[in-house]
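Structure record follows, encoded as structure tokens.
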Amino acid sequence: LPPAVFPLSCAVQNYSWGKVGLESEVAKLVATSDPLVQIQPDQPYAELWMGAHPRGDAVIRDNRIPQKTLGQWIADNPACLGAKVKDAFQGRLPFLFKVLSVNTALSIQAHPNKELAAKLHTQFPEHYPDDNHKPEMAIALTPFEGLCGFRPVEEIVSFLQTVPELRALIGEVAAEQLERSGSDDPRGVSAALRVCFTRLMKSEKKFFVDQLNMLVKRISQEAAEGKDTSGSNGDLLLRLHSQYPGDIGCFTIYFLNLVRLEPGEAMFLGANEPHAYLQGDCVECMACSDNTVRAGLTPKFIDVLTLCEMLNYTPAPSSSKIFPATQSQLDPSVYLYDPPVPDFAIMRIEIPASIKLYLVSAVDSASILLVIQGTAVGTSTAAASEMTLRRGSVLFISANESISLHLASPDGMLLFRACCLL
């Protein structure tokens, strides 16, 4: 039988927002997993793609396997996905697993649900390359910050009252409508929020640039005088404005929650949830799609109308955006992040130093395993030979196969495993 467990060499994406050189977790993982790779000190290393996506198909590092890439191998051996996954997802790996290293903000964006994705793909295939939804989950590796979902209305109203430039862009009528909307009428609140946000995003370029410049000048002066600018979210405003001067996205900080994740904490982004990652390193898993509707903090194609139409305008506190992991009853080393979509789940595996032999157990789905910390020798009846696992190693594990890890490191190991639990 051909090996069903094998190491991968994964694609790096050098997007401009990525951390540079060995500041980047992506670069560090690549450098330790493959000593032959030269890390360029002035190059951004933004994303590591672990999967079979056509724009970054992982290369198989096992010369006994005739197929060069994971995508080719799965196409020739679809049973490796597991019977249920193979049937549910038409013989394709349903997820893309990533590491992100974020230095400057990513665009304000949301991902469409399946229905909207199909429509956008039909109408504008050059901007929306497939017809799939793209829920995603991020788990922090280092302290991680992002904007996610609409803030509680009282926070937005408070900014409307302390940031006159914001109020000017939205207009008095819309601002008062939001101020009057009561918590007893959630549909009224959402409607008022939609009007306010749409007014902001569709405001005239010259007008919003003038207002933004006034705001930035005022906040800079207040900060220089040692005043507290937190009532105007001053620190974040100045940071985003320095990254994307004159960009409408700078004003979205008054509408969207700032979510801070500590290592191991996660956020789940369902369809139509507005978000933008700001800084830090994370592992991310998503349904296999490239559909992104953008509207600011980006030089890319922006589609403000579609974004404002599709968003979920339900206000909620930032604490509600943190997605909990549940510790496995069967194996206390495993913490499962199981989002409310069928396409993927992630396991965080923390093997303590006291354990010298650990079994990565079989699941009824193909999975991808990433080593963040520690070293081990891996053996499997489904592997051609023993595999050395170290920081940055990535393994493909076919459905119903397990791996024994013989730990070599004194401090235990930290692994992440993406799979599909139907």
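Cβ atoms here come from the backbone N, Cα and C positions, even for glycine.
The residues of the domain 'Phosphomannose isomerase type I catalytic' (5-153), classed with DSSP into helix (H, G, I), strand (E, B) and coil, number 40 helix, 42 strand, 67 coil. Residues annotated as domain 'Phosphomannose isomerase type I catalytic' in TrEMBL: 5-153.
If you look up TrEMBL, you'll see Gln109, His111, Glu136, His275 marked as Zn(2+) binding site. A C-beta separation below 8 Å, combined with a sequence spacing of at least six in one chain, links Glu136 (Zn(2+) binding site) to His111, Phe268, Leu269, Glu284, Cys285, Met286, Ala287.
Per-residue pLDDT, averaged over the domain 'Phosphomannose isomerase type I helical insertion' (169-256), rounds to 96. Look at TrEMBL and you will find 169-256 tagged as domain 'Phosphomannose isomerase type I helical insertion'.
Taken from TrEMBL, the feature active site covers Arg294. Cβ neighbour count for Arg294 (active site): 22 (other Cβ atoms within 10 Å of its Cβ, all protein chains included).
Within the domain 'Phosphomannose isomerase type I C-terminal' (336-376), the DSSP-based counts of helix, strand and coil residues read 0 helix, 21 strand, 20 coil. Annotation comment: TrEMBL describes 336-376 as domain 'Phosphomannose isomerase type I C-terminal'.
Listed in sequence order, Ile108, Gln109, Ala110, Gly146, Leu147, Cys148, Gly149, Leu256, Leu269 are the same-chain residues six or more apart from His275 (Zn(2+) binding site) with CB atoms under 8 A from its CB.
The residues near the Zn(2+) site, meaning same-chain residues not in Gln109, His111, Glu136, His275 whose C-beta sits within 8 angstroms of the mean position of the site's C-beta atoms, are Ala110, Lys134, Leu269, Glu273, Thr292, in sequence order. Of all Cβ atoms in the shown protein chains, 25 besides its own fall within 10 Å of the Cβ of His111 (Zn(2+) binding site).
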